[in-house]
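Annotated in Swiss-Prot:
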- His117: active site, pros-phosphohistidine intermediate (ACT_SITE)
- Lys11, Phe59, Arg87, Thr93, Arg104, Asn114: ATP binding site (BINDING)
Amino acid sequence: MANERTLSIIKPDAVAGNNIGAIYDRFEKSGLKIVAAKMMQLDDKKAGGFYAEHAERPFYNDLVSFMTSGPVLVSVLEGENAIATHRDIMGATNPKDAAEGTIRADFASSIDENAVHGSDSAESAAREISYFFNEEEVCARTR
């Protein structure tokens, strides 16, 4: 087992639904530690840059529009197998396919407004974390 970090974004729909505390509770109960967090209002440039790998996909403009529709809570989570653990807690991208008890099954309304984002690999996690946080903003949890 590896101690890892992953990026998590609580998206505008879940922030608007006052689900931050419930989502953080699930992270912590699964053994993930929050080592950085900030509430942000993304603009088109920041959201577009983050999702640049999807720029040619048909859903890109709608995704950027959604991600700029309200504040998001961007966090770095740390723990044993954090990437896989976080993805398991999130559930399938489409909430209709998400397992009962996952974040998306419980808080997402559609495949477009699906409550959370999580890194899908160690490489993505490193890139995504550095996109939103500098090293001084990520605090080691030793206690």
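Note: Cβ is positioned from N, Cα and C throughout, glycine not excepted.
Rounded to a whole number, the distance between the Cα atoms of the residue listed as 'active site, pros-phosphohistidine intermediate' and Arg104 (ATP binding site) is 10 Å. In this structure the C-alpha atoms belonging to Phe59 (ATP binding site) and His117 (active site, pros-phosphohistidine intermediate) are separated by 15 Å. Here ATP is bound by Lys11, Phe59, Arg87, Thr93, Arg104, Asn114 per the record. The longest Cα to Cα distance in that group is 21 Å. Comparing local CB density within 10 A for the recorded positions Lys11, Arg87, His117, the maximum falls on Lys11. On the backbone, the CA of Lys11 (ATP binding site) and the CA of His117 (active site, pros-phosphohistidine intermediate) stand 7 Å apart.
A strand conformation is recorded for His117 (active site, pros-phosphohistidine intermediate) in the three-state DSSP classification.
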